[in-house]
Amino acid sequence: MSLNPRDVVIVDFGRTPMGRSKGGMHRNTRAETMSAHLISKLLERNPKVDPAEVEDVIWGCVNQTLEQGWNIARMASLMTQIPHTSAAQTVSRLCGSSMSALHTAAQAIQTGNGDVFVIGGVEHMGHVGMMHGVDPNPHLSLYAAKASGMMGLTAEMLGKMHGISREAQDKFGARSHQLAWKATQEGKFKDEIIPMEGYDENGFLKVFDFDETIRPETTVETLAQLKPAFNPKGGTVTAGTSSQITDGASCMIVMSAQRAQDLGIQPMAVIRSMAVAGVDPAIMGYGPVPSTNKALKRAGLTIADIDFVELNEAFAAQALPVLKDLKLLDKMDEKVNLHGGAIALGHPFGCSGARISGTLLNVMKQNGGTLGVSTMCVGLGQGITTVFERV
């Protein structure tokens, strides 16, 4: 395909292994260190990219305090080969932060405000808890239900509205672990995981090149034994069908098509369209439906044109209604989250948007796909979507 000079292309993608937040591999590694390691290694494996050309490092992170505070993008950038003359900013759209980082870079490239960007995100949920320092305004309850800020209850609501059974959720949860384990065993994550030193359960330092979050022994039967996590009386959402609390980072090198051509770089993909949308916070998990429909319309496509989809698995009770209304339920085994998702790999908030987008590009490459969609719900009622075309 022919590209326009200001088209936005993805040059490379990498991520850390996903670590458990409670006593996991990253327990002695800071968020900025994790981010800097990832950026450095990704630049090292792309020698045609001069770090001095980086216009901006745009890093997603949700809880921007403690080690994640004071513009972690700049903190991490200063610890890499990127010179001090390049800029850096940290962005937050809660769960969609690093996809927003990608969109911010893309919009800059499209408008001629830079040619080379490093984007991604991090969340060390073991060091900085998701509610650390958060103080919601009590008056918000005048405008949205108080439970809208409780993500598990919004998933319960969405599941109930769409008739999603406990068994369907357990099947979806087991599928995530089984597919992630299969992808691991077959080396499907090899191109995206950048090995990192960490500590095993016995405290020994070792190099990790795999996700420690996957539980290959997970079955529908074992998940059926779990109690509801958010609504003890009559609830259906359990810890086993919710995204794991994990630590991780993801990173992409993004360029204008013209600069990639000048440097003799073959891109992974080009961005065809982007979109964000809002929904009632009480059903926050439904956000990917309007954002995906908007992005597809902007690209002149329909969901039937899409070869592969990565939908962030915040909750099975949330993902299944989204897939139903995007008319993907009957295509799930062919198109959706073929390497598992956040139920198995976890959802480090600031990391996930770039993570699912990069995984999508690898799935497209491994399976000969042309068009792909990455999409996710966002806390308090948003959706964000990117449409890619492989080149």
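Cβ atoms here come from the backbone N, Cα and C positions, even for glycine.
Per Swiss-Prot, the features are as follows:
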type: ACT_SITE; residues: C95; note: active site, acyl-thioester intermediate
type: ACT_SITE; residues: H347; note: active site, proton acceptor
type: ACT_SITE; residues: C377; note: active site, proton acceptor
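A simple way to gauge crowding: the CB of H347 (active site, proton acceptor) has 26 other CB atoms within 10 angstroms, across all the protein chains here. Around the Cβ of C377 (active site, proton acceptor), a 10 Å sphere holds 32 further Cβ atoms from the protein chains shown. DSSP assigns H347 (active site, proton acceptor) to coil in the three-state reduction, placing it in neither a helix nor a strand.
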